[in-house]
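Here is what Swiss-Prot records for this protein:
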BINDING   Ser20, Lys44, Ala45, Asn98, Asn126, Lys164, Ile190, Gly216, Gly242, Gly243, Gly264, Thr265  FMN binding site
BINDING   Lys44, Asn68, Ala69, Ile70, Gly71, Leu72, Asn126, Asn191, Thr192  substrate binding site
ACT_SITE  Cys129  active site, nucleophile
Amino acid sequence: MNLSVKLPGLNLKNPIMPASGCFGFGKEYSEYYDLSLLGGVMMKAATQFERLGNPTPRVAETSAGMLNAIGLQNPGVQQIIDHEVPRLAKYDTSIIANIAGSSIEEYEFVAASFNQTTDVDALELNISCPNVKEGGIQFGTDPFMAKKVTEVVKKASNKPVYVKLSPNVHNIVEMAKAVEEAGADGLSMINTLTGMKIHLPSRKPLIANKTGGLSGPAIKPVAIRMIYEVRQQVSIPIIGMGGITSAEDVLEYLIAGADAVAVGTANFQNPFVCVDIINELPEVLEQYGFNSIEDVIEKRGITV
């Protein structure tokens, strides 16, 4: 069965890729399976300089997912270009670089830096990380700022730009339309929901940062709803994410309006989850009357 999907800058052999922040730069997972099996890899966020991240503890398990407040820990964009990208480029899979910053100037610098390499196929513009005290959240929750940073990154980069939207907004459609108008080539959605967990013995937040990003199955219905709403109003492709653990979840996302998907938290529970989903997808598509991924995209919203 044909599982391929063509998106701006991305010729995916299948619509499955690990989400940024849940796969590092693929090194550990490459010891479990051939990364060439994946449609693509969304790399861990890159900033202008090295970041050590937030204080610990910065991860907490929840009843249907997890909270994290990592704080964009990374070695800096040049180290990523020099060391991580060449290693990933050995695999036959698309590479998406996630870029972040605490100012428009930093976003511009990081985006332009990736022009050095032809091995990165597209950028994922992280305007929505909810756990960084400087920047991030302001870009992801204000349509004007989101539009401005998207315009700057598009001008600085020679690669397609997928803007990662935050669900922590009053109107996700307004945000999507703003970045589409700014020239975004696609969207990735949703990022994590802001949450908190209390440590009962101390009566204080369990995470040192107090709040963290909630991910996992708990947020899937929110993601499905938001993608459905955005798909009615924008025409650019959507990479859907949030709580995906199975091929059935993937099909649900595609029907709601996504064109490809990213798997996040589930990688921590099962390092083979992306490969398992890829293997299960043909049978699930056939079960529901589809003969390819493109067939799902063409027929979604149509009840036969």
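Every residue gets a Cβ built from N, Cα and C, even glycine.
Sequence features annotated in Swiss-Prot and their locations in the structure.
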| residue | record | DSSP class |
| --- | --- | --- |
| Ser20 | FMN binding site | coil |
| Lys44 | substrate binding site | coil |
| Ala69 | substrate binding site | coil |
| Asn126 | FMN binding site | strand |
| Ile190 | FMN binding site | coil |
| Gly242 | FMN binding site | coil |
| Gly264 | FMN binding site | coil |
Binding-site residues near Lys44 (substrate binding site) (Cα-Cα within 10 Å), from Ile190, Gly242, Gly264: none
Neighbours of Gly242 (FMN binding site) among the binding-site residues Ala69, Gly71, Thr192 (Cα to Cα, within 10 Å): Thr192
Whole-number Å value for how far Gly71 (substrate binding site) lies from Ala45 (FMN binding site) (Cα to Cα): 10
Neighbouring C-beta atoms (10 Å sphere around the C-beta of Gly264 (FMN binding site)): 28
Listed in sequence order, residues with CB under 8 A of Ile190 (FMN binding site) and six or more positions away: Leu165, Ser166, Pro167, Ile172, Ile219, Val222, Ala223, Met226, Ile227, Met241, Gly242
Annotated substrate contacts Lys44, Asn68, Ala69, Ile70, Gly71, Leu72, Asn126, Asn191, Thr192, maximal Cα-Cα distance (Å, integer): 16
